[in-house]
Amino acid sequence: MGVRSPLSASGPRGAAVLVLLLLGVALCSAVEEKKVCQGTNNKLTQLGHVEDHFTSLQRMYNNCEVVLSNLEITYVEHNRDLTFLKTIQEVAGYVLIALNMVDVIPLENLQIIRGNVLYDNSFALAVLSNYHMNKTQGLRELPMKRLSEILNGGVKISNNPKLCNMDTVLWNDIIDTSRKPLTVLDFASNLSSCPKCHPNCTEDHCWGAGEQNCQTLTKVICAQQCSGRCRGKVPSDCCHNQCAAGCTGPRESDCLACRKFRDDATCKDTCPPLVLYNPTTYQMDVNPEGKYSFGATCVRECPHNYVVTDHGSCVRSCNTDTYEVEENGVRKCKKCDGLCSKVCNGIGIGELKGILSINATNIDSFKNCTKINGDVSILPVAFLGDAFTKTLPLDPKKLDVFRTVKEISGFLLIQAWPDNATDLYAFENLEIIRGRTKQHGQYSLAVVNLKIQSLGLRSLKEISDGDIAIMKNKNLCYADTMNWRSLFATQSQKTKIIQNRNKNDCTADRHVCDPLCSDVGCWGPGPFHCFSCRFFSRQKECVKQCNILQGEPREFERDSKCLPCHSECLVQNSTAYNTTCSGPGPDHCMKCAHFIDGPHCVKACPAGVLGENDTLVWKYADANAVCQLCHPNCTRGCKGPGLEGCPNGSKTPSIAAGVVGGLLCLVVVGLGIGLYLRRRHIVRKRTLRRLLQERELVEPLTP
């Protein structure tokens, strides 16, 4: 059946619909574009001079509607204009009002304090010591007339001698008493001089003088049927359970504020997910209606200077196990492959400017570094110490900090190394030497006068600029086997490999490349130090063959690399010709270790996975371990096909129904028996009366 577009309707009705649609669009835009501000976490710290402190406060909250962290109003002088605070509607953290001398703080549109962060670990609202030392000036009014909800945390009001009407506020209607929050209410001593609530205020609850400051109660007046807030006393006035601070109607789109997330004009438990399970392709597809969570709001795009996490949240910085990257124009937090990058200054840069060598004083600054901006120079003075600068000798164990380094932007110069070390083990993960600065303007790699037997730089793949010098290392072998040209980025780069151990002596002592290494050389002994492999490679080791038909773990071969099969692939041992997998991932298995879901091997069939139209996808495994869709009426999974496969419901409702039914039957039977006995009694009584009457008629008269 066709549906006529409201925009094509004619006459007044069509015009009215058009106006309503336009208003709806405008409303959604307004909701979506609420201005947010970061907030502060300074507590009672004053930011410079009092004038600068106020300017910072004004700049932060001007036109702000949603505060992402804490709202801290402190050190405001008398006669300051704070009208810029009127726009604030929501605070995610706590509200701190302290050490102010101003008469009025007009937070008149503040509706909700979420309390995600609490002041002093206890309070979502703290109003403290707002007065001048002479007590002639101080905070007198705090008209938060729309504040209806504090989701977490208590209230502390203390030492405000001029502040009125805090005692006339029904705080139990605002705070979540079920959490038993700490509440400290120390009201002013001169309450008798404070203005009374307007006569129209409910039970004399107000934020100040006048009817406009009456407190609107949204919880204690609610009917028992209400699960949260309400707008009146009857059951039909209950708010939706996603509402916070009250509502104008029963729907989730009628909330004054949202308990968890706001999606356009609707309150929801979660934002629309970014991906959904596709039962046709058996994969997770991008949800065109998906949104990111930004504070308590669902947004199409994260704001400027925010990055996106895997969970679909907008954050200011990535976690320590992720790094920031741009993909398709979106800044994302991507899982690090191993240790996350940490960039450190090298010799000659920043705090190490003017330093000649790595030493016991500065080596700890390279801990967990993956990239060094600058140079790395290890000179003999490092292990000798320096009496003049009172620098102790370097502990050789400290050199392990360089195991995380993958890139050096300058040069690597090593003129001293532990005598018992056979190679440059600390730099085994170094991949690139950029050579943007060079030793003596020429060398980007220099290894001189060491006792090592091999270089051991097995991860080095590129020397971008500069020459190399491997000199005067009397025990060093392998260096002249390398095809250094394959590491260079320019044709002008040169090598200087002289005065190391004689090649014939190296061969005689079997200090030669492993047979599994290719002819382009090696960094040291064994299959782990090959520059490239003759046959296949498994991670950093050269091997003769991959574990395709036997061995653990089972593998497949690609580009001369042995790569592991997915863990959901069933290992094949039945014949000598069966491979376990043909490629990466769970969709290239020859057989599945557990179950099959479409083309994929899975550990378990989908159970309650979110699919299209917010429906949950449930599947069961058939006799062939293939995942099949449950019957649509099986809303909690199934064990087989059809309705018969649905799990039996909980026995508790059945027992309850049986008990109620049994009691009802007893009542009915009891009533039936009672009625029967009563009727029988009435019949007997009537019979007896009739017999008596008949006896009177036939009885002879006595003379």
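Note that the numbers count up from 1, one per residue, in the order the chain is shown.
Glycine residues also receive a Cβ, built from the backbone N, Cα and C atoms like all the rest.
A coil conformation is recorded for C164 (disulfide bond) in the three-state DSSP classification, outside any helix or strand. What Swiss-Prot records for C164-C194 (among others) is disulfide bond.
The disulfide bond annotation in Swiss-Prot covers C197-C206 (among others). Annotation note: C206 (disulfide bond) sits in a strand segment as assigned by DSSP. Around C206 (disulfide bond), the same-chain residues at least 6 positions away in sequence with a Cβ under 8 Å from its Cβ are N165, T168, V169, C197, H198, N213, C214, Q215.
The disulfide bond annotation in Swiss-Prot covers C222-C230 (among others), and the record cites similarity to another entry as its basis. Cβ neighbours within 10 Å of C230 (disulfide bond), excluding its own Cβ and spanning all shown chains: 25.
Per Swiss-Prot, the feature disulfide bond maps to C243-C255 (among others); the stated evidence is similarity to another entry. Neighbours of C255 (disulfide bond), defined as other CB atoms within 10 A of its CB across all chains, total 24. DSSP gives C255 (disulfide bond) a strand state.
Positions annotated as disulfide bond by Swiss-Prot, on the basis of similarity to another entry: C258-C267 (among others). Counting only same-chain residues at least 6 apart in sequence, those with a Cβ under 8 Å from the Cβ of C267 (disulfide bond) are H240, Q242, C243, A244, E252, S253, C255, C258, R259, K260, F261. In the three-state DSSP assignment, the secondary structure recorded for C267 (disulfide bond) is strand.
Other Cβ atoms within 10 Å of the Cβ of C271 (disulfide bond), summed over all protein chains shown, number 21. Sequence annotations record features per position, and here Swiss-Prot assigns disulfide bond to C271-C298 (among others) based on similarity to another entry.
Taking the Cβ of C314 (disulfide bond) as reference, residues of its chain lying under 8 Å away and at least six apart in sequence are, in sequence order, Y292, S293, F294, V299, C302, P303, Y306, V307, V308. The secondary structure of C314 (disulfide bond), as reduced to three states from DSSP, is extended strand. Per Swiss-Prot, the feature disulfide bond maps to C302-C314 (among others).
Feature annotation from Swiss-Prot assigns disulfide bond to C344-C369 (among others); the stated evidence is similarity to another entry. Using a 10 Å radius centred on the Cβ of C369 (disulfide bond) and all shown protein chains, the other Cβ atoms total 22.
Its own atom aside, the Cβ of C522 (disulfide bond) has 27 Cβ atoms within 10 angstroms in the protein chains shown. The disulfide bond annotation in Swiss-Prot covers C513-C522 (among others).
Sequence-distant neighbours of C581 (disulfide bond) (same chain, 6+ apart, CB under 8 A from its CB) are R554, F556, C565, H566, C569, H588, C589, M590. Per Swiss-Prot, the feature disulfide bond maps to C565-C581 (among others).
Sequence-distant contacts (6 or more apart, same chain, Cβ under 8 Å) of C627 (disulfide bond) comprise F595, I596, D597, G598, V602, C605, P606, K619, Y620, A621. Under the DSSP three-state reduction, C627 (disulfide bond) is assigned to strand. Annotation comment: Swiss-Prot describes C605-C627 (among others) as disulfide bond.
Per Swiss-Prot, the feature disulfide bond maps to C634-C646 (among others). Applying an 8 A CB threshold to same-chain residues 6+ apart, the list for C634 (disulfide bond) reads W618, L643, G645, C646, P647. Secondary structure at C634 (disulfide bond), as computed by DSSP, is coil.
According to Swiss-Prot, the feature N-linked glycosylation site maps to N134 (among others), an assignment based on sequence analysis. Residue environment of N134 (N-linked glycosylation site) contains 7 other Cβ atoms, counted within 10 Å of its Cβ in all protein chains. Classification of N134 (N-linked glycosylation site) by DSSP places it in coil, neither helical nor stranded.
As annotated by Swiss-Prot, N-linked glycosylation site applies to N190 (among others). There are 10 other Cβ atoms within 10 Å of the Cβ belonging to N190 (N-linked glycosylation site). DSSP gives N190 (N-linked glycosylation site) a coil state; it is part of no helix or strand.
Within 10 Å of the C-beta of N200 (N-linked glycosylation site) there are 9 other C-beta atoms, taking all protein chains into account. According to DSSP, N200 (N-linked glycosylation site) sits in a coil region rather than a helix or strand. Positions annotated as N-linked glycosylation site by Swiss-Prot, on the basis of sequence analysis: N200 (among others).
Summarising the annotation, Swiss-Prot assigns N-linked glycosylation site to N359 (among others). Secondary structure at N359 (N-linked glycosylation site), taken from DSSP and collapsed to helix, strand or coil, is coil. There are 22 other Cβ atoms within 10 Å of the Cβ belonging to N359 (N-linked glycosylation site).
Within the set of glycosylation sites N359, N420, N573, N578, N613, the entry lying nearest in space to C222 (disulfide bond) is N613 (CA atoms). Within the model, the topological domain 'Extracellular' (31-654) carries an average pLDDT of 91. If you take the C-beta of N633 (N-linked glycosylation site) and look for same-chain residues 6 or more apart in sequence within under 8 angstroms, you find L643, C646. The recorded positions shown are N134, C271, C298, C369, C513; of these, the one with its CA atom nearest the CA of C164 (disulfide bond) is N134. Rounded to a whole value, the Cα-Cα separation of C344 (disulfide bond) and N134 (N-linked glycosylation site) is 54 Å. In this structure, the CA atom of N613 (N-linked glycosylation site) is 26 Å away from the CA atom of N648 (N-linked glycosylation site). DSSP classifies C581 (disulfide bond) as strand under the three-state reduction.
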